[in-house]
Amino acid sequence: MFIDKIKAKANNDEINVIIEIPMNIGPIKYEFDKESGAVFVDRFMQTTMSYPCNYGFIPHTLSNDGDPVDVLVVAHHPVVPGSVIKCRAVGVLMMEDESGLDEKIIAVPTSKLDITFDHIKELDDLCEMLKKRIVHFFEHYKDLEKGKWVKVTGWENKAKANALINEGIDRAS
């Protein structure tokens with residue numbers, strides 16, 4: 001995959017997300033290597049948990065932790081690692097871990113990909129149980145890994161998510 005050819009934004013309202021970890025596939029953490037374009041197994045998580053959403057990043061962005069901006073893509077199906085999915089941001093999960101601040105943009109597929117998410121405009125439109133599952137996952141997925149921890153500090157709205165995306169684009173350029 002030539003990541004250089006994939007833009008951060010498909011248009012003003014849509015972001016391109018490169019999927020690293022499919023939802024509900026088991027306790028495996030994959031990482032996309034930006035230089036080679038390969039997906040590597042980063043580690044086998046010690047908890048028996050799987051990601052509640054497809055997990056990836058926005059190319060050509062840089063968050064405060066030095067990595068590309070992270071995104072959780074709410075979907076009905078797992079998406080293959082390395083796939084690019086066009087999404088709309090609806091909010092952000094605010095958290096910190098042993099390395100510092102680590103926000104996760106929450107996004108849904110665009111109408112062209114799945115019309116069943118058209119009614120979700122903001123974070124409050126998501127099912128409350130899904131939000132609880134996301135928080136539970138991130139509060140516990142590192143529990144059995146020595147020296148690792150996560151603290152979820154709350155949720156922010158779509159405007160904050162878009163601000164973090166734009167800051168990430170600016171920081172990377």
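Every residue, even glycine, has its Cβ placed from backbone N, Cα and C.
According to Swiss-Prot, the protein has these features:
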type: BINDING; residues: LYS29, ARG43, TYR55, TYR141; note: substrate binding site
type: BINDING; residues: ASP65, ASP70, ASP102; note: Mg(2+) 1 binding site
type: BINDING; residues: ASP70; note: Mg(2+) 2 binding site
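Taking the features listed in Swiss-Prot, we show where each one sits on the structure.
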| residue | record | Cβ contacts under 8 Å, 6 or more apart |
| --- | --- | --- |
| LYS29 | substrate binding site | ILE21, VAL41, ASP42, ARG43, PHE44, MET45 |
| TYR55 | substrate binding site | ILE19, GLU20, ILE21, MET23, ASP70, VAL71, LEU72, VAL73 |
| ASP65 | Mg(2+) 1 binding site | SER99, GLY100, LEU101, ASP102 |
| TYR141 | substrate binding site | MET45, THR47, MET49, VAL150 |
Cβ within 8 Å of the mean position of the Cβ atoms of LYS29, ARG43, TYR55, TYR141: remaining residues of the chain near substrate: ILE21, PRO27, ILE28, TYR30, ASP42, MET45, TYR51
Cβ-centroid neighbourhood (8 Å) of the Mg(2+) 1 site, ASP65, ASP70, ASP102 excluded: SER63, ASN64, ASP67, VAL69, ASP97, SER99, LEU101, GLU103, LYS104
Span of the substrate site, taken as the largest CA to CA distance across LYS29, ARG43, TYR55, TYR141 (Å, rounded to a whole number): 15
